[in-house]
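Enquirer: Mind having a look at this structure? Questions to follow.
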Amino acid sequence: MTALTLSTAGAATLRADALVVGVAKGAGSKSGDLVLAPGAEAVDKAFDGKLAAVLATLGAVGAEGELTKLPAPSGLKVPVVIAVGLGTVPDKEDAYDAETLRRAAGTAARALSGFKKAGFALPAASVEDAAAVAEGALLGAYAFTAYQGGENKLAPKDAKNSGPKLPLAEVALVGAKPRDKAYKAAVERALALAEEINRARDLINTPPNDLYPESFAAVATAAGKEHGIKVQVLDEKALVKGGFGGILGVGQGSANGPRLVKLAYTHPKAEKTLALVGKGITYDSGGISLKPAGHNETMKCDMSGAAAVFAAVVTAARLGLKVNVTGWLALAENMPSGNATRPGDVLRMYSGKTVEVLNTDAEGRLVLGDALTRASEEKPDAIVDVATLTGAMVLALGNRTFGIMANDDAFRTSIHEIAEEVGEASWPMPLPADLRKGMDSPTADIANMGERMGGGLVAGLFLKEFVGEGIAWAHLDIAGPAFHEGAPYGYTPKGGTGSAVRTLVRLAERTADGDLG
Ligand code: BES
Ligand code: MN
Ligand code: ZN
């Protein structure tokens, strides 16, 4: 894991392998100019006040995502200076938006893989700015290398296997006040949050032959011991005894049996309890309604909701938040086999409701239905589920935005505002009652499929029926942003992203502070 320190040295005296500064596009009277961001002053001085001019000569325009590397002048104690673009300079020159800083720090950190220590001389005049830079840098300093650099048995004995490039080892924040309590707390929060997001990414990226319900549950059990979280694992036998027909129905086709994991973080002075429910399909083949080639290569990501919930509970525990947070991981592998659920089968859910399974590829709602009912039994103040639930949500909102549905308009609005505040793109979606009749079944209480149009909302309506009366509930469909297949950008790597963790953690913090109803 990448270390995070608050540098006591200024940019001119810090010994490191690189220094990062920010550069923006001028606006207004400075239009067409390059404007150095606060934090770059000492570095600029070492360039005799010509850093902006040098960058312009090298073709820099200050655009977001832009990165310029240049050799450091002799006045600095680093060999390399990296200038990252911040987009158009804000009206107030020091008021850079937190997400802009996060992304810029992430872009720099990605370019610094293989480096040991880098000083980040980006805006840090406020605690919020320093926290954003820390978060972005730590999230950008991520690489999933566990399966790379294997020994090649055919290579000559003396051939060097240098292995994969490791992420930047140390992020040193320059300009943040190292002895100030508020800075220290913010940095501690950024570190806990980023480490748990990166751990969620590792889980998502781990191939499904190694990450299956039992092994995921074992990871949760170990983390529970480490962080004082009570963990209970229901195995197949316990699921049968409890009547969890949804989870069992999805998992029965696989040699790797399903699990329901409960993680309970409690605070002695907590006044509220938040329940988080995650879809944990460790591999979604579609089951008997098999997905065609081209649609199954990335389906190890179908446990991203459970990974997000797991990360959020651990982060809440590490931060000692004054709120109870219960996480429910609904884990199963959706496979076709002679034991698999068939299209046409009827399952009896944990709630008692019967479901006609018309399409075994609509499995997420089956495992979540059981987990939502189970979570409701404990009468939490609110429930949020997170799931890579539908391709329809990706069609609606694209690859970077998750949809939010809820049984309570005010709660949906709060979640949307919280997501915006932490820099996660999301959008409120409705649950139109008229779509319910598409799930009417001649055989059972409900079918697991409805109209094709509005498929993301249909799935949301299905889930709603498994939430207890009077409990505020929101559903985050993260099928788009959970797994990034394009080129890395900002702090977002290829593969698992850790989508929704920041929103869940802020929700827990707000609940702890009594900010929510
Ligand atoms: N896991 C998929 C949804 C998904 C699609 C996640 C793309 C990430 C990227 C889900 O289980 C699924 O297969 N949903 C079906 C539902 C349909 C059969 C009603 C879908 O969206 O096609
Ligand atoms: Mn599916
Ligand atoms: Zn799925």
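Our numbering is plain: 1 for the first residue shown, then up by one each step along the chain.
Using N, Cα and C of the backbone, Cβ positions are placed for all residues, glycine too.
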Enquirer: D361, E363 show up in TrEMBL as binding Mn(2+) 1; which entry in D284, D434, D440 does that record put in the same site?
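Expert: TrEMBL lists D361, E363 binding Mn(2+) 1, and from D284, D434, D440 it also lists D284.
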Enquirer: Write down the one residue from D302, D381, D385 that TrEMBL lists together with K279, D284, E363 as binding Mn(2+) 2.
Expert: D302
Enquirer: For the binding-site residues K279, D284, D302, D361, E363, which sit with their CB under 6 angstroms from an atom of ligand 2?
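Expert: Those binding-site residues that pass the cut-off, since their Cβ is under 6 Å from ligand 2, are D284, D361, E363.
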Enquirer: Can you give me the Cα-Cα distance between E363 (Mn(2+) 2 binding site) and K291 (active site) in Å, rounded to a whole number?
Expert: 12
Enquirer: With Cβ-Cβ distance below 8 Å and at least 6 positions apart along the chain, what are the contacts of R365 (active site)? List them in sequence order.
Expert: L389, N448, A459, F462, L463
Enquirer: Please work out which residue of K279, K291 has the most C-beta neighbours within 10 angstroms of its C-beta, and give that one of the recorded positions.
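Expert: The residue with the most neighbouring Cβ atoms within 10 Å is K279.
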Enquirer: Hey, what's the Cβ neighbour count for D361 (Mn(2+) 1 binding site) at 10 Å?
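Expert: Summing over all protein chains shown, D361 (Mn(2+) 1 binding site) has 20 other Cβ atoms within 10 Å.
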